[in-house]
Amino acid sequence: MVSRKDFSDWCAGTLQTALFKDYAPNGLQVEGKAYIGKIATSVTASKAAIDFAVEQKADLLLVHHGMFWKSEPPTVTGWKKERIAALLDNDINMAAYHLPLDAHPELGNNAQLAEKLGFTVERRFGEQNLLNSGSLKQVRTLGALAAHIEAVLQRKPAVVGDLNREIRKVAWCSGGAQGFFQTAIDEGVDLYLTGEISEAQYHLANETGTAFISAGHHATERYGVRALGEAAAAAFGLEVCHFDENNPA
């Protein structure tokens, strides 16, 4: 068992949350019981994830996407009320770590994604060091790499570029980071990989010759919260269980 405060302090220190400017609160978002013996992890604090935490008798739900964002109304109504009520009724804590969990050099979404896909991390760059660049451990054509990504992430990616081109140097940022494509182009990479694509990236890829892959927001962010949960469980001797959803976005 660990106190809620000690758990929160450990996460804040491990992820260095104070160093980040974020558009969501990092840390405890919903307060439950004072002591934690079992944690459940999920990419998002969805109602399905909360129901899983209840079923598993978890004391804390640890997520990447919490329930409070600067772009949303601050009111607690509708779906948000239902989620929060389920947590409070069962005395379950909910803690969320957003950009700090993307960026952590070992536990973060970008680091974990690189490990899964066989990328060697050589540099962190861009806004708040949220982008990574490096090389493929095994050189592949764009088409072969796209097939590899689909096999690993179990989601068909959107691909823009010459499928026969050899890819050696890559940049990546998990989640909805398509807006950083120009930053990746300036890095001189062959390919930029992220979780989402907007209309503009198609044209940038074709006009600059830098290939673009969108592999899914959820799919590219599955692994950081799992790694954080496992690390916390090891640090405090906790039970940990993981929830995943078939989110096509």
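Each residue, glycine too, has its Cβ placed from N, Cα and C.
Copied from TrEMBL, the annotated features are:
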- His64: divalent metal cation 2 binding site (BINDING)
- His65, Asp102, His217, Glu221: divalent metal cation 1 binding site (BINDING)
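Mapped onto this structure are the features recorded in TrEMBL.
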residue: His64; record: divalent metal cation 2 binding site; contacts (Cβ under 8 Å, 6+ apart): Val43, Thr44, Ala96, Tyr97, His98, Leu101, Asp102, Asn109, Glu221, Gly224, Val225
residue: His65; record: divalent metal cation 1 binding site; contacts (Cβ under 8 Å, 6+ apart): Ala24, Val43, Thr44, Ala45, Ala96, His98
residue: His217; record: divalent metal cation 1 binding site; contacts (Cβ under 8 Å, 6+ apart): Ser174, Gly175, Gly176, Gly195, Glu196, Asn247, Ala249
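Considering only the binding-site residues Asp102, Glu221, the Cβ with the fewest other Cβ atoms within 10 Å is that of Glu221. Apart from the site residues His65, Asp102, His217, Glu221, the chain places the Cβ of Val43, His64, His98, Asn109, Ser174, Gly175, Gly176, Gly195, His218, Thr220, Gly224 no farther than 8 Å from the centroid of the site's Cβ atoms, the recorded divalent metal cation 1 location.
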